[in-house]
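Notes to accompany the following structure.
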Amino acid sequence: MERTLTILKPDCVRKQLIGAVTDKIERAGFRIVAMKKTRLTKETAGAFYAVHKERPFYGELVEFMSSGPCVPMILEKENAVADFRTLIGATDPAEAAEGTVRKLYADSKGENIVHGSDSAENAAIEGAFFFAAEEVVRVD
């Protein structure tokens, strides 16, 4: 069973879409094994997205991710990383496939509702960033 990390971003929380997006995730066969609502500081958001530090959008991303509450979750499913990235769609909602989370709910490339890990290795690192091992609970 593979795991991936998602973050329902501040725009998702602000638009009161936590339930709608979580429902779509569960209906796609993902099991939520860790979940919490939190608010990232600029420092925490900067640390999480440090891999993008040299990219032109880094400052805007850090500002946005620290602008309000977010909901990180660890999801479990066979082929979780690839299947989740298919479920959420392209980063730019204008390019996202019909029926994907971003096509349905995102307003722009910068405010695109949801983060999804890009590899199993990064999913493990990102999951540990938000959750201690004892916070990850599998229910059979």
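Placed from the backbone N, Cα and C atoms, the Cβ positions cover glycine too.
As the structure is a computational prediction, the values presented were derived from the model and not from experiment.
As recorded in Swiss-Prot, the features of this protein are as follows:
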type	residues	note
ACT_SITE	HIS115	active site, pros-phosphohistidine intermediate
BINDING	LYS9, PHE57, ARG85, THR91, ARG102, ASN112	ATP binding site
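Cβ neighbour count for LYS9 (ATP binding site) (all protein chains, 10 Å cutoff from its Cβ): 25. For the binding-site residues given as THR91, ASN112, the lowest number of other CB atoms within 10 Å of the residue's CB is seen at THR91. Counting only residues at least six positions away in the same chain, the Cβ atoms of ILE88, GLY89, ALA90, THR91, ASP92, PRO93, ALA96, ASN112, ILE113, VAL114 sit under 8 Å from the Cβ of ARG102 (ATP binding site). Taking CA atoms as the reference points, the residue listed as 'active site, pros-phosphohistidine intermediate' and LYS9 (ATP binding site) are 7 Å apart. Of all the recorded positions listed here (PHE57, ARG85, HIS115), the one with the fewest other CB atoms within 10 A of its own CB is PHE57. In this structure, ASN112 (ATP binding site) belongs to neither helix nor strand by DSSP; it is coil.
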